[in-house]
């Protein structure tokens, strides 16, 4: 019922973790692999290992989360070794997603060259939208720099590649970014990363709740679902059909998943809710989505995918 075709591969269902959640270590990744998730993705890596920002840097909130992790990861080679080993052992399984988030265009190019030269046959996600590294702007808000980077990438990169985007809030920005993305043989876009630089306050303590950046951090969870749905829909209606969409943001229930698929997402990433609930969330959310589809008489996701009605 939930079978999903994406990047010329078949997945049992469209659900996966969002990079950054439950994917730091090989143990985390093995737990995801053993879960009911249709696919999983590694932690966004930099060439060298990073400790990330000082603690506390992640807090669960009533309707979501705030974080300023600062891209902590165990380094590019750690994750490349894992995916290559996994690929060798489990050739028949659905491909793994490998996330990178260089601190500069040059670092992204260096990592992509290593992936291109390796035997990795999965799907690469280039994160252009981390909002939590002090002093480092989100590249995908700079349209010229994004276009320049992608032009360079596609002079040598021939494997499946997606980009993870920040949320946009202006229709003109959707138009501009879609026009740029449509020039390239991208496999997908992932919309959205957390909404950058929100602020949550503990009114009892009269204080912020995370330490980095004076308490400013990326907001995730139910708070951002309307923004995520808008971004999925805006890109679904603007991108060429070869570029698929991964919907991320506020997916906690089967209902949320249904809405993302209705807007045009093909795969779905879960972040905040996975952090709160652990990998067992996939069992629950699959069941809930199947129940909604049964109730509506849908046999497959294709029956309603992207078919959001306008008034």
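Cβ atoms are placed via backbone N, Cα and C, with glycine included.
Residues within less than 8 Å, Cβ to Cβ, of residue 221 (FMN binding site) and separated from it by at least 6 positions along the same chain comprise 61, 63, 64, 65, 250, 252, 271, 272, 273. Positions annotated as FMN binding site by Swiss-Prot: 19, 43, 44, 127, 164, 192, 221, 249, 250, 271, 272.
Summarising the annotation, Swiss-Prot assigns substrate binding site to 43, 67, 68, 69, 70, 71, 127, 193, 194. Sequence-distant neighbours of residue 194 (substrate binding site) (same chain, 6+ residues apart, CB-CB distance under 8 A): 67, 131, 217, 218, 219, 220, 224, 249, 271.
Over all protein chains present, the Cβ of residue 130 (active site, nucleophile) has 25 other Cβ atoms lying within 10 Å. The annotation active site, nucleophile is assigned in Swiss-Prot to 130.
In the structure as shown, the Cβ atom of residue 19 (FMN binding site) sits within 10 Å of 28 other Cβ atoms. Sorted by the number of other CB atoms within 10 A, the binding-site residues 43, 164 start with 43, the lowest. Listed in chain order, the extra residues whose Cβ falls within 8 Å of the Cβ center of the substrate site residues 43, 67, 68, 69, 70, 71, 127, 193, 194 are 20, 44, 52, 130, 131, 132, 133, 218. Reported as a whole number, the C-alpha separation between residue 19 (FMN binding site) and residue 43 (substrate binding site) equals 5 Å. Looking at residue 127 (substrate binding site) and residue 164 (FMN binding site), their Cα atoms lie 5 Å from each other. Listed in sequence order, 50, 52, 53, 57, 132, 133, 134, 212 are the same-chain residues six or more apart from residue 70 (substrate binding site) with CB atoms under 8 A from its CB.
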